[in-house]
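Comments concern the structure below.
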Amino acid sequence: MANITKKVSWSSRADESGATAEGTPLLNGSEQPRPSRQLSRDGIFQVGRLSTVDLEEEMTSEEESLRGRPKEIPHNEKLLSLKFESLDYDNIENQLFLEEERRMSYMGFRCLEISRWVVCGLIGFLTGLIACFIDIAVEELAGIKYRVVKENIEKFTEVGGLSISLILWAVLNSAIVMMGAILVAFFEPIAAGSGIPQIKCYLNGVKIPRVVRLKTLVVKVCGVICSVVGGLAVGKEGPMIHSGAVVAAGVSQGRSTSLKRDFKIFEYFRRDTEKRDFVSAGAAAGVSAAFGAPVGGVLFSLEEGASFWNQMLTWRIFFASMISTFTLNFFLSIYDNKPGDLSNPGLINFGRFESDSVAYNLYEIPLFIAMGAFGGLLGALFNKLNYWLTIFRIRYVHRPCLQVMEAMLVAAVTAAVSFTMIYFSNDCQPLGAENKEKYPLQLFCADGEYNSMATIFFNTPEISVRSLFHTQAGTYNPLTLGLFTITYFFLACWTYGLAVSAGVFIPALLIGAAWGRLFGILLASITPNGSIWADPGKYALIGAAAQLGGVVRMTLSLTVIMVEATGNVTYGLPIMLVLMTAKIVGDYFVEGLYDIHIKLQSVPFLHWDAPATSHWLTAREVMSAPVTCLNRIEKVGTIVDILSNTSTNHNGFPVVMQGADSDEPSKLCGLILRSQLIVLLKHKVFSIHVSQDERECMMDLTEFMNATPYTVPLETSLPRVFKLFRALGLRHLVVADDVNRVVGLVTRKDLARYHLGRHGLEELQLAQT
Amino acid sequence: MSIHKNCYFLLILVLNIYALVSGDGVNVTASDSVDTLTQSSPYSPAAAVVLVNSPVFRKPDVDSIFSLNLLSSFPEDEEISVYCSDLLHIFGQRYVTYVNCSVNSARPVKVCQNCYSSYGSLTEIYLKISSDEVVTGNESCRDSILRNDRLMLVYLLYNNLEDIWGKSDCAYCVTKGFHSLTNDTLYFLSSVNQTLTCFEKYKEGNHTELCKSCKNPYRGLNELYSRMETNKTMCIDIEDVMNVTRKLWSKEYNCSFPREETVPVIAVSSFMLFLPIIFYLSSFLHSEQKKRKLIHPKRARSYNTLMNIQDKLS
């Protein structure tokens, strides 16, 4: 017989399947990095047909005609993809596991606890280092680019031929972005975007294929450097969260699938429970390094992955966050030639707002709330536009080379638009010691002055944000800010979702800061006594918070992140109010950007609660049935057949016990996972090749199955099932009848398909993507 | 304390001042030092006399009404010594000199060029005051003048000037010890003069002539300036004179670069804006739309989904 692993694991790549089963202990099936199961098209075909044949009692003629060919629809957000699976957060308590645990000494557990702390420290340290690397690389490379372009512009301002500078700028941008886009589109598509939706899904318990691989990390880091240096309207903060998560997954597992190396350390942590805990620590460390916000990082993990949480874990995560921001701070201080001067806690540094000059007054709070509402509106518009664009991209721009071309075009247009804006801007400001511009462009301004439009366009976005927050009143005139807001809004909206790794935090902050500052300036000019509104930087901060809140709709963690990044607790209340208003207003129109992208990826994402008005749905309607069950003592041939049958892509099989009497119904006695079966077949009982004789052998699953799976009765309501599933992090929930017979199986996809839409409860469809 | 002792200190003081003044050769001229001496001598005995009687030592006549209640209230220890009050007096004079000088050279800014020497002598006297050398009894002038009250007036006054000096960055243009302007500064000033002379020459008539002829000196000046900017060898005088020159060049004579390539820039950028439209159109028309194959899950009640939901709802 042919290589069974290949067959049973249905890997698209032979090497992956080889690596899969090797050296995996039997304790936890979850420990296996299972390759994404990409079913062959024919297989899916059969699923549809088989299930219909088996189950349909009355079939309409329309469906009859559909049976021949599977129904195909254009991609939309109301689908669930087959390629996503659950993580096994719940430990598989089989006999082997119990035995192993019994063997472990008290010291062993102490050591485990200590090594958890060590791993968290390492995660923080490495995340900080990566952040530092990205920061320095971006600064150096962007410096080179801007210097080259600046020199060129200066030369051609004098002798004429500025369109050549424009072309140079556009070509440079496109070339740099092309590198990043090629990396992402051809080598690791999962590294596209900010990575926050993916990490959100991972913390939610969805196994996204390849999301925490080393290769993804490398592509992500290089990609984000390319896209920021390439002048796209993006930031490098979001990807840090993904990077932190990958670091965490890699360090805690002590091995790398991308490198095919196993360092034989931390083997105890090779289970989804531990891995996910560490990944949440990594995400927190990423946030912390990105914004210099350790508490914000912890709260981010809490907000996104909070269903499994305890105090010790929180404390460890906080430790990782602190180490991460400290590491970044320390190495940046060395880079700045001021070793020991710890004043750069994050990638983006909002700078310090001196509290006396920009304190707020009670009468300003209504204004802040109004700004929050406006930010919510703009954010909703941003999300809606991006939603349409993303749908178009998924449907039509799906070939890698097209994606690369698109990214290059965006980069070129960004350069062209920026150049045109700068070219036609008449806003000249005097150069001075206070406003130190890194790359001041003079163009047609008088000598000793610089083009103020160029300070926001001809800079990395982080520096522009800081400039909008802190430069004194009068640095930007209203027209400049207005034009900038509009162009940058569309550019950022267009850019997010390209096949480059890049975040949306900074562009959103930048847009918000621009219109917030504009608002501050207008306020000062329409009121007779303008001096009380004197500081436009304050309104820039509030605007930035409003816009960001309107786009991503994060609440608690975003408030804390903003407060920490500004280093000023005084602004806690206004920022909170603004984010609340932005969320309320924005949610009225459309969901948050990350949620939209999660939906468009067809991920079976479980929200906090079951959708409202779903109490009348019971497990009977929700579950999948009939269930493929195994006997406790099963013939090898049967197992092999079940596993290699492409029509049953199940991952868990209830194990049943036939009563002594053959008429007696078979009762549930355990649950076994596909991965465990594969390992059993490979290691324990048979070699990879299962001969005809061996097929007849019997296999006793008693030792390996999880003898106490969770079950629910048929009449359990959907919210109850949902709560159990979500709170315990289950992967399979067996539905049993009154005599403990298996009647169905509830998995993540069965639950995730219900959602509350505009017209009441809707159901998502399963699709192969 | 006795008059005898006070006189003894007066002697030391005079010697001191003499040594001090003669020691700083270049900055303070000879007449200046004579001035100081003659001015300080009539005061000193008077101060010494007043010291014995009244704590309000400077202007007994003006403040007599108010000072009555304070008369003879302090023991001698609380008074400041003659030496210190003389120092204070000199400080006051130099202070006035420097402030006068600064105000006079405020516009156009020439504070560094004109006033560095008076600032130098002011610093010198202040250093003397603030040195912790003990002259009278167990108190130094620093203690009796600078830190004896809440206001600390002398300290405040000097601090203000020090701030102004710091802000003006004059230290970059003046050599150590306030002897002269640095060579860089002198060179820069001479090239400014050169440029301004050129402006002067072509000022009449068409400015295009000026723009063409003075381009070289002006550009040399600009380059020099940016070099100095990067070297951090610039003070407010240089910045200001450069600002004025630049304003003349760009605003007065309109020699900035004109914006004359509008058409090619617009053409190139609209071409670039056009590209994505073509791209999206062509991918919409030619690329095969990605379809998703729906899969019918196994359910106990087949197709119970939306139909059932609607049944139950109704």
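Using N, Cα and C of the backbone, Cβ positions are placed for all residues, glycine too.
What TrEMBL lists as region 'Disordered' is A:1-42. According to TrEMBL, the feature compositional bias 'Polar residues' maps to A:1-12, A:27-38. Annotation comment: TrEMBL describes A:117-138, A:166-187, A:217-235, A:278-301, A:313-335, A:365-383, A:404-424, A:479-499, A:505-527, A:539-563, A:569-590 as transmembrane segment. Feature annotation from TrEMBL assigns domain 'CBS' to A:705-763.
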Counting only pairs 6 or more apart in sequence, are there at least 3 Cβ pairs under 8 Å between the transmembrane segment (A:365-383) and the transmembrane segment (A:166-187)?
no
Where does the mean pLDDT land for the domain 'CBS' (A:705-763)?
88
For the transmembrane segment (A:166-187), which recorded stretch in the set A:117-138, A:313-335, A:404-424, A:539-563, A:569-590 gives the largest number of Cβ pairs separated by under 8 Å?
A:404-424
Using Cβ atoms and a strict cutoff of less than 8 Å, what residues sit near the transmembrane segment (A:217-235) while being 6 or more residues removed from its termini?
130, 133-134, 137-138, 141-142, 145, 169, 173-177, 179-181, 183-184, 187-188, 191-192, 195, 242-243, 246-247, 250, 348, 407, 410-411, 414-415, 418, 460-462, 488, 491-492, 495-496, 498, 500-507, 509-510
CB contact flag for the transmembrane segment (A:539-563) and the transmembrane segment (A:278-301), at least three pairs under 8 A:
yes
Quick check for me: are there 3+ Cβ pairs below 8 Å between the transmembrane segment (A:117-138) and the transmembrane segment (A:505-527), leaving out pairs under 6 residues apart?
no
Count, for each of A:313-335, A:404-424, A:505-527, A:569-590, the Cβ pairs lying under 8 Å from the transmembrane segment (A:278-301), and report the range with the highest count.
A:313-335
Quick check on the domain 'CBS' (A:705-763): DSSP residue counts for helix, strand, coil, in that order please.
16 helix, 24 strand, 19 coil
